[in-house]
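Read the structure below first, then the notes.
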Amino acid sequence: MGSKRSVPSRHRSLTTYEVMFAVLFVILVALCAGLIAVSWLSIQGSVKDAAFGKSHEARGTLKIISGATYNPHLQDKLSVDFKVLAFDIQQMIDDIFQSSNLKNEYKNSRVLQFENGSIIVIFDLLFDQWVSDKNVKEELIQGIEANKSSQLVTFHIDLNSIDITASLENFSTISPATTSEKLTTSIPLATPGNVSIECPPDSRLCADALKCIAIDLFCDGELNCPDGSDEDNKTCATACDGRFLLTGSSGSFEALHYPKPSNNTSAVCRWIIRVNQGLSIQLNFDYFNTYYADVLNIYEGMGSSKILRASLWSNNPGIIRIFSNQVTATFLIQSDESDYIGFKVTYTAFNSKELNNYEKINCNFEDGFCFWIQDLNDDNEWERTQGSTFPPSTGPTFDHTFGNESGFYISTPTGPGGRRERVGLLTLPLDPTPEQACLSFWYYMYGENVYKLSINISSDQNMEKTIFQKEGNYGQNWNYGQVTLNETVEFKVSFYGFKNQILSDIALDDISLTYGICNVSVYPEPTLVPTPPPELPTDCGGPHDLWEPNTTFTSINFPNSYPNQAFCIWNLNAQKGKNIQLHFQEFDLENIADVVEIRDGEGDDSLFLAVYTGPGPVNDVFSTTNRMTVLFITDNMLAKQGFKANFTTGYGLGIPEPCKEDNFQCKDGECIPLVNLCDGFPHCKDGSDEAHCVRLFNGTTDSSGLVQFRIQSIWHVACAENWTTQISDDVCQLLGLGTGNSSVPTFSTGGGPYVNLNTAPNGSLILTPSQQCLEDSLILLQCNYKSCGKKLVTQEVSPKIVGGSDSREGAWPWVVALYFDDQQVCGASLVSRDWLVSAAHCVYGRNMEPSKWKAVLGLHMASNLTSPQIETRLIDQIVINPHYNKRRKNNDIAMMHLEMKVNYTDYIQPICLPEENQVFPPGRICSIAGWGALIYQGSTADVLQEADVPLLSNEKCQQQMPEYNITENMVCAGYEAGGVDSCQGDSGGPLMCQENNRWLLAGVTSFGYQCALPNRPGVYARVPRFTEWIQSFLH
């Protein structure tokens, strides 16, 4: 076999030029492919622009579940009720979107209607470019959740009710029944080559079955199908009146008792008007009456380049002029209402170039905007309106032409706004005015925040110049303005209203042009309303550090009203070793809502001393250290005069003089002879001389140990000699425990002095001091716990407050309902016959008059306060834990003393206190109970609710509540899935854990994030951290 080299070659090698041309050819093919791809993407972008135009309008609904009440007046858009609520809702929506990720696209909002069902709000949102409905909805929900509007303090919105509907141009066109299938069904058709073509979603085949185009390109006035079938008059004829393309110099279209959408979808009737090139189109509305949700949009032009010029619903807009020979009219039908007659529009063509300057300018706005044009490059549009605008603190109450509510005028957008806006109105091009002419007009600039009105002239040859300008508040009246025009080239006049964020409407009426120079005005030149003083700083210019001799300070603006939402700090200082006395010379605050809090020391380690509110006078406050912090905190409502205070420093201010060595000092500072201490008879007015006369020590629990008695300030150990069971019971009861359980003699290892106990004939204990016990025998006493934490009413087990169930009567006999000024506000737990444990935040600012509080014990149904099981007690003392910090929500616990001791019954029993620092492990199931809200921001319960919740570790709780600092003084409980939780109104109530058939108070309901959300547990004050503090009040 010969080699391959011996076979003659049938191909020759390519030359260098041939290789070069081949490479170039490949590159050109690649470039063509890239250009095709880019063109395709560009076409798709154009299609999208065609669908949505230069601006985008979305319609939304939401439900107000509290903060406003529905009434029939809300159906009347001219009523004060409608205007007030619409203003506040628009303010809320504007606040949210102007602080959102869509703030650059967002323009404004408009409330259309209120419906019953709590209150359902229907509104429109306008954006200057297309945004997805999903994105709009997400931003709105996030803004409400983040409380991005001050209106959300008042309104509570049902987040699940929020819905944003698709934009106008996404709806299908309604056609007559004979042709509707062509627009609503995409069917594969056979091409001449027997090739079946199926269009992608949102596209349809042209009639030639060779090309697919976007559905939105059908019936838009521009030919997109090669055969023109997308604009076929039969295909596009509307179901409203059977018309589509209108081409005469005059004609009409209508939607009389217009058809309703089917299958719960919205629909559109669309008309295209074309007149001769160079002409414009005037639309006269013979009648117009549509439901608020059914909107007629008027566009200048057609197809992808059309510009939205007007959105119309409900009321007759008068005459609309479009300065183009093409108009697209699109009627969006969303409702199924049948009580509206619809509309009829007659159009005529006219030549705007035949108008003179006077015809182009003169306008009283009674029939529309005349020949004035909205400046679409600005932030918003002028509104044609009549009657008063809302709120009444800005804008006119009537027009200038007629001087009553029947006449029309134009105004910058009424209602709230979240940013400054420029709103422009332009003339058509005007002819030069060498003979001079006088432009006159009437303007209305009223409101504290009104900004500026400017009139400018512009031309192609010269830069824009300002010929008239006013700034500020000129009061509640129409003012006359005039300026002479003297232009040598074609020019335009523009009116610009500059709108501030709120309460800043500017109105115009009766614009006219007359021959000749302006004469001296017979109307007086308006004067500015004095500007109100600047807003006061909410921090009072602080924080302030004060030392002697600079010892007097006041709330800001005293004796005039202080600012709302203030948070002010004064740090008072004294030399080391001294303390501080704070005195309020004058004191007048809004009761409860505005407070002055005084703390001992500075910073996080400072201790709570007092909180004052309402009218004075108030008591002096003394520090125990050389520093004192004064906090002034106000809400966003009513403001009063405030306060004037001073302080002095010294040694031992407010501290009683110490007693002599042979005296005992009572808690109130009184001195009594030492021999009277622990003698069985109270000599101190506060009973403190008999409060701590017996104790247990060296025991394994707080209910066992050796017994000690205090005799004249010296502790004596009890001997076992003569000890009896009765003495055990007596000593255990003196300790605040139950009966004696056992007493065992034990050998003494020294450490006297000692005391022998005997029982007197009257049953009292006789104490005899001794230097030694008989046979060195001491008594080791074990007491029973006092009866507590026991349910005495037999009940069935109920199934597993929010997510809870009605409890049975007597199920939780220690749960107490707290009323302030006869309003049920919080819960509490009974821990003895005369003391309750509750939350500090419940009584904060409400502690100055304890008698305004009452406790209802044995309550089951809040609506039945006459039940025989109930006992009601007034409160005569409130003690807030000195470590409580309201801002950090730490140590949120307080004691409340009943004016009269309560009797224990089957329905009234105390709950047990846990051991000091007792541990309740994570995962343990405990119980909560209360009459609080059944859902977040909902109504409170009538029947006492109960539920079980698992405890969480503080580490996990911190992860789930990252915005709070979860301290060792807190315990958390709740399910990861949510659904069960304490809520508003449950504050101060118990978190209860069962142990050894007794219920222990493990926590006090403190705070949470809303109620029962997933991974959002409730947070409670951890009671074992406060057991010793609580017990100090009980014994």
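Easy rule for this one: first residue shown is 1, then count along the chain.
Cβ from N, Cα, C; glycine included.
Positions annotated as N-myristoyl glycine by Swiss-Prot: Gly2.
Summarising the annotation, Swiss-Prot assigns transmembrane segment to 19-47 and lists sequence analysis as the type of evidence.
Look at Swiss-Prot and you will find Asn116 (among others) tagged as N-linked glycosylation site, backed by sequence analysis. Other C-beta atoms found within 10 angstroms of the C-beta of Asn116 (N-linked glycosylation site) number 11, with every protein chain shown included. In the three-state DSSP classification, Asn116 (N-linked glycosylation site) falls within a strand.
Annotated N-linked glycosylation site per Swiss-Prot: Asn194 (among others), in sequence order, evidence recorded as sequence analysis.
The domain 'CUB 1' annotation in Swiss-Prot covers 240-350. Across the domain 'CUB 1' (240-350), the DSSP tally of helix, strand and coil residues reads 3 helix, 60 strand, 48 coil.
Under the heading N-linked glycosylation site, Swiss-Prot lists Asn263 (among others), citing sequence analysis as support.
Feature annotation from Swiss-Prot assigns N-linked glycosylation site to Asn264 (among others).
Mean pLDDT of the predicted structure over the domain 'MAM' (358-520): 90. For 358-520, the entry in Swiss-Prot reads domain 'MAM'.
Per Swiss-Prot, the feature N-linked glycosylation site maps to Asn404 (among others); the stated evidence is sequence analysis. For the recorded site, Asn404 (N-linked glycosylation site), the DSSP three-state label reads coil.
The N-linked glycosylation site feature in Swiss-Prot is assigned to Asn456 (among others); the stated evidence is sequence analysis. Note: Asn456 (N-linked glycosylation site) has non-local neighbours Glu464, Lys465, Thr466, Ile467, Val493, Ser494, Tyr496, i.e. same-chain residues 6+ apart with C-beta under 8 A of its own C-beta.
Taking Cβ-Cβ distances under 8 Å and a sequence separation of 6 or more, the neighbours of Asn519 (N-linked glycosylation site) in its chain are Cys438. Feature annotation from Swiss-Prot assigns N-linked glycosylation site to Asn519 (among others); the stated evidence is sequence analysis.
Under the heading N-linked glycosylation site, Swiss-Prot lists Asn550 (among others), citing sequence analysis as support. When other Cβ atoms within 10 Å of the Cβ of Asn550 (N-linked glycosylation site) are tallied across all protein chains shown, the result is 10.
Per Swiss-Prot, the feature domain 'SRCR' maps to 694-787.
DSSP gives Asn722 (N-linked glycosylation site) a coil state; it is part of no helix or strand. Cβ neighbours within 10 Å of Asn722 (N-linked glycosylation site), excluding its own Cβ and spanning all shown chains: 13. Annotation source Swiss-Prot lists N-linked glycosylation site at Asn722 (among others).
Asn741 (N-linked glycosylation site) counts 16 other C-beta atoms within 10 Å of its own C-beta, drawing on all protein chains shown. According to DSSP, Asn741 (N-linked glycosylation site) is assigned to a strand segment. Per Swiss-Prot, the feature N-linked glycosylation site maps to Asn741 (among others); the stated evidence is sequence analysis.
Residues or ranges marked as N-linked glycosylation site by Swiss-Prot on the basis of sequence analysis: Asn864 (among others). According to DSSP, Asn864 (N-linked glycosylation site) is assigned to coil rather than to any helix or strand.
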Give the sequence-ordered list of residues that share a chain with Asn903 (N-linked glycosylation site), lie 6 or more positions from it, and have CB atoms under 8 Å from its CB. Arg833, Glu871
Out of the glycosylation sites Asn116, Asn404, Asn741, give me the one sitting nearest to Asn864 (N-linked glycosylation site) by CA distance. Asn116
Compared by Cα position, which of the glycosylation sites Asn116, Asn404, Asn550 is the closest one to Asn722 (N-linked glycosylation site)? Asn550
Integer Å value for the Cα distance linking Asn550 (N-linked glycosylation site) with Asn116 (N-linked glycosylation site) is 60
What is the interatomic distance between the Cα atoms of Asn116 (N-linked glycosylation site) and Asn404 (N-linked glycosylation site), given in whole Å? 32
Round to the nearest Å and give the CA-to-CA distance linking Asn404 (N-linked glycosylation site) with Asn741 (N-linked glycosylation site). 92
Asn404 (N-linked glycosylation site): tally of other CB atoms within 10 A of its CB: 11
